[in-house]
Amino acid sequence: MKVLVINCGSSSLKYQLIDMSNEESLAQGLVERIGITGSILTQKVEGKDKYVVETPLKDHQDAIELVLKCLVDENHGVISSMDEISAVGHRVVHGGEKYATSVVINEEVIKALDEFTKLAPLHNPPNIIGINACKALMPKTPMVAVFDTAFHQTMPEKAFMYALPYELYTEDHVRRYGFHGTSHKYVAGEMAKLMNKDISDLKIVTCHIGNGVSITAVDGGKSVDTTMGFTPLDGIIMGSRSGSIDPAIVTYLVKEKGYSIDEVNDILNKKSGVLGISGIGTDFRDIRSAVENDNDPRALLTMDIFGYQVKKQIGAYAAVMGGVDAIVFTAGIGEHAPEIRSRALTNMEFLGIEVDLEKNESHNIGDGMEISKETSKVKVVVIPTNEELMIAKETLELVK
């Protein structure tokens, strides 16, 4: 069976076609600038030259139609007919409290996703548009929604509730939801395989550290706490997001400094985090370069804050679970920034964590590598995430 995985943004679309008989990616691509000038598709197939198509795309339906054409293209495609696509798995950011697992998409599901839009106004609308576009072009192909929030629905009330008036939860659904669930679930499962143990017997801290950052306590294969909250703004410092701050700062900026709510929202989401502290940008390679070449004090401070916050969260989740057996680092920074891993892991011997600094210094770990010492009671491993494969697996499970 071949599963097409779709991830729609507001003006972009990522896709991957996966052969589930061997879990190999047949083709992957990115469509950019949908609905604006300069629309472009870039498709990569193993053993073939990169295929680039520049053509106007007025909406996501146009984009998905182009994707399907490229997949069956005589010279650049990988399948002879769309009939070879057994199912489509859609990444959906927010499933609210209704969906604790992936679900086959029908009209009831689409209606529910629409209701969750108020919880994820930036992300769910393009997800829904992508689903509707696929349904129009592939009406007989089963579709599955795989939610970023679903994995975290196992969190207990004491972890997901905010200390706000209770009615804000019961009436307005204000609570911690958590995100990156597909990634956390995937790397926790891979960690259990590497340790040759049943995941139900393990306490794992998974650190998804990219432009967005979230850390999760996975106890017995279930998420019991996570750093992102009601929105993906909460938690650890991120590329341009602040992470957790004193909520009174918002009041101060509005009342004392005269900012509008929209301006504060823009500051917290787009002008803070790594960008805000360093003044350089969101790309961690630029931060590293500023430290190594210029000894830039703000770049160094950015690294120190980042590592400190990750360390603090690992310690907190070890306390929550009553210990920790393994720690996983994944996503762009987690996989390729040894400076952050070393800052997060040094002086943690009291928890049984002993990091091998020489192994850790590898910038390009590739398919995964243990960076803890042989004597370490806690296994620390870098595992590249594969959210697309996880989405495809969950899709196949529901439609086979």
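Cβ from N, Cα, C; glycine included.
Residues or ranges marked as active site, proton donor/acceptor by Swiss-Prot: Asp148. The feature Mg(2+) binding site is assigned by Swiss-Prot to Asn7, Glu387. Under the heading ATP binding site, Swiss-Prot lists Lys14, His208, Ile209, Gly210, Asn211, Gly212, Asp283, Phe284, Arg285, Gly332, Ile333, Gly334, Glu335, His336. Taken from Swiss-Prot, the feature substrate binding site covers Arg91. Annotated site 'Transition state stabilizer' per Swiss-Prot: His180, Arg241, in sequence order.
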Given the recorded positions Asp148, Arg241, Glu387, tell me which ones have a C-alpha lying within 10 Å of the C-alpha of Arg91 (substrate binding site).
Asp148, Glu387
Let me know the DSSP-derived helix, strand or coil state of Glu335 (ATP binding site), please.
helix
Hey, how far is Arg285 (ATP binding site) from Arg241 (site 'Transition state stabilizer'), Cα to Cα, in Å?
18
Please classify the secondary structure at His180 (site 'Transition state stabilizer') using three-state DSSP.
coil
Looking only at the recorded positions Lys14, Asp148, Ile333, Glu335, Glu387, His180 (site 'Transition state stabilizer') has its closest CA neighbour at Asp148
DSSP-derived class (H/G/I helix, E/B strand, else coil) of the residue listed as 'active site, proton donor/acceptor':
coil
Around the Cβ of Lys14 (ATP binding site), the count of other Cβ atoms that are within 10 Å
17
For Glu387 (Mg(2+) binding site): intrachain residues, at least 6 apart, with Cβ closer than 8 Å
Arg91, Thr182, Ser183, Tyr186
